[in-house]
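Now, the feature entries from Swiss-Prot:
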| type | residues | note |
| --- | --- | --- |
| TRANSMEM | 40-60 | transmembrane segment |
| TRANSMEM | 103-123 | transmembrane segment |
| TRANSMEM | 133-153 | transmembrane segment |
| TRANSMEM | 195-215 | transmembrane segment |
| TRANSMEM | 226-246 | transmembrane segment |
| TRANSMEM | 313-333 | transmembrane segment |
| TRANSMEM | 358-378 | transmembrane segment |
| TRANSMEM | 381-401 | transmembrane segment |
| TRANSMEM | 414-434 | transmembrane segment |
Amino acid sequence: MSQCFAVKGIGGADQATLGSAEILVKYAQLADKRARVYVLVSTWLVVWGIWHVYFVEAVFPNAILWLHYYAASYEFGFVRRGLGGELIRMLTGDHFFAGAYTVLWTSITVWLIALAVVVWLILSTGNRSERRIMLALLVPVLPFAFSYAIYNPHPELFGMTALVAFSIFLTRAHTSRTRVILSTLYGLTMAVLALIHEAIPLEFALGAVLAIIVLSKNATGATRRICTALAIGPGTVSVLLLAVVGRRDIADQLCAHIPHGMVENPWAVATTPQRVLDYIFGRVESHADYHDWVCEHVTPWFNLDWITSAKLVAVVGFRALFGAFLLGLLFFVATTSMIRYVSAVPVRTFFAELRGNLALPVLASALLVPLFITAVDWTRWWVMITLDVAIVYILYAIDRPEIEQPPSRRNVQVFVCVVLVLAVIPTGSANNIGR
């Protein structure tokens, strides 16, 4: 059988590689050659991470897609997605672009910090083992991780960070009072983030419920129900408030408020593979006035209510969206399968923790349905579902005895193949491929 990486027989390492390998040898009592494999994989991740950042910033910049999330404000009334723009307007005045880019990169930074904390917890929890190294190296290449932050920096990165923080703190909470306080803080955070993007509380309700059930060890059923209500209730109320009293007749006023400024817009010329290459290699240029682009492509949507949005999704139809749905489902299955393969903790063991508490996850899952009904970003919703399950699965797995088991040579080979490939392919860029 072909092998992506020869685990045995790696030689010629330089001094830096040897030094890093020695650290891994001491960490998990690895053989020198096996340790060098992980050092080389780590180096591969760093190199490709730098390339992805360079590609997004210098080769194919698409910030115009993400700045528009902060275009609306409360200057003309209470409107959905208005909080981000309102904060920028209050803090930066006429310097919209400086403020918007700051918020954009803040969302990316806090999410990458959250991922770094998860990696650190994987390596520092329990006894040192080789599988911990493998799991720590797997995390950055998952669909919701590094490439998602770089290629798809939606405002939900703030919600993703909040979910990770909430899940981690729950693993440290040992009393009902602490869990109730954490759930209250998380719920209030979701209520605020709903004012930046109305999907955020719905996207992460499932993750919060799974964390409460699985990671709150020895919690009573009553405590879990109270924590669930506190964690998902405030955000849900915010979403309903936006649906009921948020202004819908505001597109023209918002358009008049949007600042002018030229921004790179590669999508205007990226109509064929050849045109994409022409843009990448600098043979053609493409800029758009931010004001004109937002007024044409974004502000008209602020006049739509939820029913009209659902009708538009119905017009697109399930057949057209099936590819996006299938790709997202593939991400979910592949992610959970790789976590199981690397950690050696069976998926059934993880889901067995839900036995007797299925009503709460089902309720949280029901909150995801409006997302699929009112928006066509079906791959994106599946990536968020993947995060909901994966982050709790990972934090659960690192406390299990199975992760201390030494991997077989084949385990390492498969792991290396997968990570090397996923480092190159930015799965997080698949916002809605397949539609």
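Residue positions begin at 1 at the first shown residue.
Cβ atoms here come from the backbone N, Cα and C positions, even for glycine.
Keep in mind it's a predicted model, so treat the numbers as computed, not measured.
Highest Cβ contact count with the transmembrane segment (381-401) among the listed stretches 40-60, 103-123, 226-246, 313-333 falls to 313-333 (criterion: pairs under 8 Å). Residues 143, 372-383, 385-386, 389, 427, 430, 432-435 of the same chain sit 6 or more residues outside the transmembrane segment (313-333) yet have a Cβ under 8 Å from a Cβ within it. By the Cβ criterion (distance under 8 Å, sequence gap of 6 or more), the transmembrane segment (133-153) is counted as touching the transmembrane segment (414-434), at least 3 such pairs being found. Under 8 Å from some Cβ of the transmembrane segment (226-246) lie the Cβ atoms of residues 78-80, 166, 179-180, 182-184, 186-188, 190-195, 198, 200-202, 205, 208-209, 212, 216, 219, 305-306, 360, 363-364, 367, all in the same chain and six or more residues away from its ends. The stretch from 40-60, 195-215, 358-378 with the most CB pairs below 8 A to the transmembrane segment (414-434) is 40-60.
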